[in-house]
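Participant: Per TrEMBL, the feature transmembrane segment maps to 14-35, 70-89, 140-161, 181-199, 211-227, 233-252. For 70-252, the entry in TrEMBL reads domain 'Membrane insertase YidC/Oxa/ALB C-terminal'. Here TrEMBL flags 261-291 as region 'Disordered'. The compositional bias 'Basic and acidic residues' annotation in TrEMBL covers 261-274. Feature annotation from TrEMBL assigns compositional bias 'Basic residues' to 275-291.
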Amino acid sequence: MIQRLKQLKQHKRWLLMVSVVGVAIILSACARGGANHQPIGPDYDGLWEGLIWYFSRFIIWSSDLFGGNYGIGIIIITLISRILLIPLTNMQQKNMSQMTELQPEIEALKEKYSATDSKTKEKLQEETQKLYDEHGVNPLMGCLPMLIQMPIFIAVYSAVSRTPELATGSFLWVNLGQPDPYYILPLLAGLFMFANTYLMQMGRDNSGMGGKVMSIVMPAFIILITVNLSSGLALYFVASNIFAVIQTLIFNNPFKKRREAKEEAERKAAEEQRRKRAIKKAKKYGRNIKK
């Protein structure tokens, strides 16, 4: 069990690192022209090439339903992928909420097993894993949606850049195959990602420094990688993050959670005040009240 907890923590750390660094390397290579930009066709070779081809065909087909607007096609394929991921995303948010709720108990365990010797550390890890198991919490769950979306948005980028009609298509003020000259789409992508992260953390008193740092780092990361890449990819992130905000509002209801957290804090404060008054009164009349 101890070894399992160590592996879970290491795997989560590595998954997050590999995900972020991997996306950065792949998309940076694309921006420098290191990716295959040969036009994709029906005579594709391999599974990945086939995925790009079908993404390209679907974007064009769905665009034709809206007068050939390729930007709408990208939005449609983005929404479909996000809808398919709703069960997994909801599981992730539920898992994160449970981990946040467990923070007081985890902190209590850390205080109880605060010694630095190896046996105490192992006992802390064992008790922490036991707590996770009792509540059905999996620390790795937070990484899965990101890992699953990686091939999707890379396939969207490749489909746009390797399909001539998509690469030269336009949507609003942008050419889908070129970076946004006004940086509006990259900024919107980062803004909506930050908004979703903020909403997910509402009502959590123990979101942790790591979560707060990631709420800044990830939007900044999205902005940095989309300012130099095709507007089609930036549009994907804008649509995906807007959908994520709406999903969080519907399924997670952060405003309700914040209100409930405030009411719970007020209830505990009132109970503490009553307890203190009872103790003070008991001392005054010489009675003994259990604290």
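Just so you know, the numbers here start at 1 and follow the chain as drawn.
Using N, Cα and C of the backbone, Cβ positions are placed for all residues, glycine too.
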Participant: Would you kindly check 140-161, 181-199, 211-227, 233-252 and say which stretch has the most C-beta pairs under 8 angstroms to the transmembrane segment (70-89)?
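Facilitator: Top-ranked stretch among 140-161, 181-199, 211-227, 233-252: 233-252.
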Participant: Which value does the mean pLDDT take for the domain 'Membrane insertase YidC/Oxa/ALB C-terminal' (70-252) in this predicted structure?
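Facilitator: Looking only at the domain 'Membrane insertase YidC/Oxa/ALB C-terminal' (70-252), pLDDT averages out to 83.
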